[in-house]
Amino acid sequence: MASNSANLWVLLGLGLAGILLMTKKLKKAIREDFGAFIERLQLLPPPQPAPPKAPHPLTGLTFAVSDVFEIEGHVTGFGHPDWARTHDAASRTAPIVSALVEGGATCIGKTVVSELSMGISGENKHHGTPTNPASHYTAPGGSSSGAAVAVAANFVDFSLGIDTVGDVRIPASFCGIFGFRPSHGSVSQVGIIPISTSLDTVGLFARDPNVLRRVGHVLLQLPYVGQRNPRQIILADDCFQLLKMPVDRVTQAVTKSTENIFGKQVLKHENLGSYLSSKVPKLKELIGIKTNGNLNSSSIRVLANVMQTLERIEFKSNHGEWIDSVKPDLDPALIEQLNEKLETSDTVIENLKSVRNETRMAINSLLKDDGVLVIPTTADPPPKLGGKEIFSEEYQGRLFSSLSIASISGCSRHGADRFLLDTVQTMYKSLKEEAEAASKAKFSKNAISQEQSAEIAKEKGNQAYKEKQWEKAIGCYTEAIKLNGRNATYYSNRAAAYLELGRFHQAEADCSKAIDLDKKNVKSYLRRGTAREMLGFYKEAIDDFSHALVLEPTNKRASISAERLRKLFTS
């Protein structure tokens, strides 16, 4: 995401709960297509251009679309037989579907959605509930359930859905695949049944980050720009506290992956609820109304209420007349939602829109250029099919609190989506490895005590170093490394002690190991440069000091050392 494409894992629906937990497959009688499709069809791409022109970018890929996208000659069902019965076949195909076909992909069908695209469980009593390939007895998530299942079950390479309040991100998390919500307004909504115009965004499902990126570029019609790394990756600590699973298992996967690729200094932490209460004046005002001034942490819950209220008001505006006229057979939970009394005065609607606009500015300000905000997609594992837990106020409060941030803020500045897709592709392999490691690890007291013991050994080494007891410091740092050999600081600190004793080869080796573990470790480049200078490797020393300057342009030691060696090297 260019500048702020920001809410990385929220936008992607990279539900780590899904990666970590949804691996057990249960035996159940299921349809051949897992109940994903409402209709099979075929939209073929045009012939390939003659050489030397490049082939179509999506050549060889297949996809499906949720049953809210218009396909010429086909009735758009909107998840309900009464809607299909009272509407004619579409006279055109949604432009975004046509663009993907023109790009070389083949559309093979339309997929099941929740009734009127308004359910988060993904269940549909009229067309049947698609089977979650990751766990057959749990809900697939909605409203774009069929589209997620079609991808997760490997029937198509990618699929399209509509994300309003999490309708792509929830099923992506529950089914263990990617779910990408682009910036609001960045993809044409023409030829798509609206749910809530202020929140609706065409979303994308894929199993593979490379496919996600390829399709995303066509979907968003993105121009080519050079890839760049994020300057800050911010973990929303309070959002992770909502998780109903061990928080460390998730945050460690993200933290270690970030440190491995971009370095420790990129990683930041934020209490997002406190930040929004201070930066969104209208939200702060609503918090006071909702909680009588109590519960400082309630700002994200109130943001979720704003999102849900806005969705229901706009849904009724779009479809209330049809519902009153046709009186369709609706699920009781949906009836309860639609019958909820909502204040719809101009003042209320203006307040909701003010929260949306102020939240967008606040998130932009937090992330600045090249920032990524990491938030869990869903707080709970997928609920059991037919269960009532998902309808409880507590469950939905946790669920929508995190989801509301991307929906209300619009996700990012326009043009930022390429940055997000590039970042995901860069991080995916490492993130997957760390997530798998976290799922297998047994966080015993012994393992925790080992890390704690390593830190204690390091602190003893630091104290010995201050007292100029170099051998003792080396011994302490060596003990820390034995307890935790993946900490770059331990190697870098031991190198500093080796330098004091003139053991330059050992210092160089330790710094190289530290840099392997953390390529942004400025001190290690400086210390290795010093060791190499003392060993007579002047060119390599200049490279190290220069690299330290790239990472930290104001570092005087690096600047002076590099300049001194250049003069020596050229004289």
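Backbone N, Cα and C atoms are what each Cβ position is placed from, and that goes for glycine too.
Per TrEMBL, the feature domain 'Amidase' maps to 55-215.
Per TrEMBL, region 'Disordered' is recorded for 121-140.
According to TrEMBL, the repeat 'TPR' annotation covers 488-521 (among others). Counting same-chain residues at least six beyond the ends of the repeat 'TPR' (488-521), those with a Cβ under 8 angstroms from any Cβ of the stretch are 259-260, 262-266, 454, 458, 461-462, 465, 468, 470-471, 473-474, 477-478, 480-481, 527-528, 530-532, 534-535, 551.
Long-range neighbours of the repeat 'TPR' (522-555) within the same chain, counting only residues 6 or more positions beyond its ends whose Cβ lies under 8 Å from a Cβ of the stretch, are 488, 491-492, 495-496, 498-499, 502, 504-505, 507-508, 511-512, 514-515, 561-562, 565-566, 568-569. The annotation repeat 'TPR' is assigned in TrEMBL to 522-555 (among others).
Residues or ranges marked as transmembrane segment by TrEMBL: 6-23.
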(request) Helix, strand, coil: count each for the residues of the repeat 'TPR' (522-555), based on DSSP. (result) 27 helix, 0 strand, 7 coil
(message) Using DSSP, what is the helix/strand/coil residue split across the region 'Disordered' (121-140)?
(response) 0 helix, 1 strand, 19 coil
